[in-house]
Amino acid sequence: MAAPDPTGHTDDTTAPAQPDPAAATPTSASTGLTHVRADGSAHMVDVTAKAETTRTAVATATVRTTPQVVDMIFDADLPKGDALPVARVAGIMGAKRTPEIIPLCHPLPLGRITVDFARRDGAVVITGSVKTRGVTGVEMEALTAVTTAALTVYDMIKAVDRHAVIDDVHVLSKSGGKSGDWSV
């Protein structure tokens with residue numbers, strides 16, 4: 001068999017390389033990181049032995065702008081159109097595509113995704129909720145929902161406020177799974 005190149009591939013097409021089962025095992029004892037092997041390379045965690053449970057996560061993001069622009073957003077009076085329905089759909093689409101943009105996330109059958117908006121002191125506060133029945137949590141999907149919605153709001157308002165800021169992105173709560181329920 002030919003020697004592997006730096007990416008681990010060989011020129012030998014007659015026999016596929018056999019993965020080292022020990023290398024695929026999380027090495028939390030040596031690194032403390034579940035997605036890193038002993039050699040430092042990344043891998044997707046094996047969740048096949050985990051029990052299926054109902055899992056939820058709620059996340060938030062804030063788009064800070066001016067009170068006038070917030071009024072324009074909630075009055076559907078922006079030059080690019082009605083931002084909130086577009087941002088809601090973008091957030092839902094973002095949650096569904098999370099494993100395509102976050103490399104080590106498992107694809108999950110998402111049962112519910114909601115994206116909601118509230119006005120607060122010259123800002124739009126976005127809240128996203130995601131629910132599934134599966135073997136791993138949906139925190140990343142909730143975060144992707146709110147950040148995608150926030151990016152869409154920013155895109156829709158940049159013609160009237162180039163100084164808008166997206167901040168305060170975090171998970172508010174999660175439930176289900178071995179680690180149980182958690183909230184800020």
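Just so you know, glycine gets a Cβ as well, placed from its N, Cα and C.
TrEMBL: automatically predicted annotations, no manual curation.
In TrEMBL this protein carries:
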{"type": "ACT_SITE", "residues": "Asp155", "note": "active site"}
{"type": "BINDING", "residues": "Leu104, Cys105, His106, Met140, Glu141", "note": "substrate binding site"}
{"type": "COMPBIAS", "residues": "13-31", "note": "compositional bias 'Low complexity'"}
{"type": "DOMAIN", "residues": "44-177", "note": "domain 'Molybdopterin cofactor biosynthesis C (MoaC)'"}
{"type": "REGION", "residues": "1-33", "note": "region 'Disordered'"}
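Feature map: TrEMBL annotations on the structure.
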residue : record                 : DSSP class
Leu104  : substrate binding site : coil
Met140  : substrate binding site : helix
Asp155  : active site            : helix
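Every protein chain considered, the tally of other Cβ atoms within 10 Å of the Cβ of Leu104 (substrate binding site) stands at 13. Computed over the domain 'Molybdopterin cofactor biosynthesis C (MoaC)' (44-177), the whole-number mean pLDDT of the model equals 97. The substrate site in the record is lined by Leu104, Cys105, His106, Met140, Glu141, and its two most distant CA atoms lie 12 Å apart. Within 10 Å of the Cβ of His106 (substrate binding site) there are 15 other Cβ atoms, across all protein chains. Compute the center of the Cβ atoms of Leu104, Cys105, His106, Met140, Glu141, which mark the site for substrate; besides them, the chain residues with Cβ within 8 Å of that center are Thr98, Pro99, Ile102, Pro107, Leu108, Thr136. Remark: secondary structure over the domain 'Molybdopterin cofactor biosynthesis C (MoaC)' (44-177) totals 45 helix, 45 strand, 44 coil, with classes taken from DSSP. It is 28 Å from the Cα atom of Leu104 (substrate binding site) to that of Asp155 (active site). Around the Cβ of Glu141 (substrate binding site), the number of neighbouring Cβ atoms within 10 Å comes to 27.
Within its own chain, Met140 (substrate binding site) has Thr98, Ile102, Cys105 as residues 6 or more apart in sequence whose C-beta sits under 8 angstroms from its own. Within the same chain, residues at least six positions away from the residue listed as 'active site' with a Cβ under 8 Å of its Cβ are Lys80.
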